[in-house]
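Reading through the structure tokens given below for one structure.
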Amino acid sequence: LCVSGTAIACENALVVAIICYSPALRTPMFVLVGSLATADLLAGLGLILNFVFQYVIRSETVSLLTVGFLVASFAASVSSLLAITVDRYLSLYNALTYYSERTVLCIHTMLAGAWGVSLCLGLLPVLGWNCLHDRAACSVVRPLTKSNVTLLSASFFLIFLIMLHLYIEICKIVCRHAHQIALQQHFLTASHYVATKKGVSTLAIILGTFGASWLPFAIYCVVGDPDYPSVYTYATLLPATYNSMINPIIYAYRNQEIQRSMWVLFCGCFQAKVSFRSRSPSDV
């Protein structure tokens, strides 16, 4: 987990640096990507700190703080993924009015709500919802209580179902657009078929990666017993951390504008006047 945290922190620190460095990356889409990268960066740092205070400098109080920090960071990461999904859906459903002040306000409101809720979830164990003084109430994730991890797992299942529903709706819109193009051109060209198939496949990969990463840990938090060996908890938590490692690849490094900014940041290979096709949130 410590090694994973280091890799996560380095990957996402680069994304945050690129977005902060490039004034052109100030659109709502990149604000959401920056929020996701920031949350994953904090999660990576939290994993490192948790390792230090669990196995190097033992302190129950500080360990409680790091657990709360991890809960808030991962909750912000999952919430940012939901916000990105909503943004992609809105960019297709309300394509004509997407680039408006109302959309910017909506996205900022979503992010404020996501980070506010995540902060509250992280503060709950710090403010007393823990099992430091009642070992019988402990969950598989000490020092979180059983009711605490049940709340977190239920929140994850709800977010997963919302994302699943939104991605199904996105697939329907994409297929409907392809059908409309086919009617206008009297047939569906090979390029449109390939683009549609690629878009749907990418959506399946995004949702599949998210589910495969977090579902084992969320399910184990509900059905696991605190008397089970802690290695079971680590074995299910480790894939969850991989989601924060994969997020920059899916949502940032594949984007041409971020690739261009990365080259400019490191070696200035491109001049500022070089143009790249601007990509909307619906470009998946």
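Cβ coordinates are placed from backbone N, Cα and C, and glycine is handled just like the others.
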TrEMBL feature transmembrane segment, matched against 1-23, 231-253, maps to 231-253
Across the domain 'G-protein coupled receptors family 1 profile' (11-251) the predicted model averages a pLDDT of 86
